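Pulled from Swiss-Prot, these are the features on record:
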type	residues	note
BINDING	21, 22, 23, 129, 170, 198, 295	UDP-N-acetyl-alpha-D-glucosamine binding site
């Protein structure tokens with residue numbers, strides 16, 4: 001039997017365009033997990049994270065694309081790449097007879113949206129940041145729906161068909177997870193989880209390294225996800241301590257956050273969605289070089305829901321960070337109140353909402 005998507009009885013065919021960082025890839029994976037009966041293929045860029053995360057799950061197609069920042073010559077080269085990539089994606093969409101495209105933004109979204117638009121293939125774009133990216137602002141009007149992680153984003157997208165859904169996280173964040181056996185943390189002992197994001201966070205790691213001795217002396221456990229590129233940073237080393245546990249990366253973040261009293265984290269949209277879903281209060285230290293300072297804006301949205309505080313990455317804020325953590329350790333009732341506010345603010349399962357939207361858009365486009 002022919003299972004191509006143009007047969008109404010066949011499996012729907014979805015092309016996912018998500019590349020680069022965990023903030024783009026993990027939400028798309030979370031949605032894909034909700035569509036087990038769909039035929040899904042992936043569009044990415046060579047030598048990026050999707051090569052490790054996606055290849056064993058879905059067929060992976062790659063086009064050469066880069067960002068728009070840089071010199072006028074680089075921008076001209078990026079435009080040439082965009083033209084070539086759009087033609088490549090157009091051929092892929094035609095040969096694969098895809099029903100619909102899902103993209104989570106970033107520069108890979110541009111050729112995916114333009115190619116789909118030229119063929120009349122519907123597109124669902126998810127924008128997780130408060131300040132939408134350039135591609136979302138430029139091309140969102142070509143998408144059937146722009147799904148938003150935060151309600152505040154809509155004001156930056158006039159004339160776009162936007163719908164607030166939250167940011168998808170993996171299924172394990174919605175159900176209680178067993179705590180990892182390799183971390184012998186006694187019940188009742190306070191746990192701080194430090195998350196630098198999928199690309200690591202040298203400045204955050206160094207701030208934590210400076211302040212952690214005081215927190216350990218106060219009785220806290222620290223599970224520190226340093227990021228692979230940061231693990232050997234000599235300026236981010238904390239003296240060996242039985243309650244300090246550094247790891248470049250762990251797959252059981254859901255279990256860690258469900259057990260944590262609070263977290264110290266970058267403010268990427270994916271990390272914030274995981275914190276919100278698990279109702280984990282957080283001290284947020286945004287990545288200072290994020291495009292258009294979008295992590296700081298993301299952090300303000302999280303803090304506005306009553307879930308923590310935000311501070312800039314700076315040596316001047318070392319005392320503030322040290323004392324804020326000590327205060328939270330000494331006042332667990334305040335932390336519990338923040339957790340309750342986050343629990344009340346958590347949106348429905350965004351992965352399921354987006355999966356349902358994909359089904360609705362496909363069905364309406366097939367009529």
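Placed from the backbone N, Cα and C atoms, the Cβ positions cover glycine too.
Annotated features, which come from Swiss-Prot, shown on the structure.
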residue : record                                        : DSSP (3 states)
21      : UDP-N-acetyl-alpha-D-glucosamine binding site : coil
129     : UDP-N-acetyl-alpha-D-glucosamine binding site : coil
170     : UDP-N-acetyl-alpha-D-glucosamine binding site : coil
295     : UDP-N-acetyl-alpha-D-glucosamine binding site : helix
Original post:
Ranking the binding-site residues 21, 129, 295 by other Cβ atoms within 10 Å, which is at the bottom?
Top reply: 21
Original post:
Here are the binding-site residues: 22, 23. Which has the lowest count of other Cβ atoms within 10 Å?
Top reply: 22
Original post:
Including all protein chains shown, what's the count of other C-beta atoms within 10 A of the C-beta of residue 170 (UDP-N-acetyl-alpha-D-glucosamine binding site)?
Top reply: 17
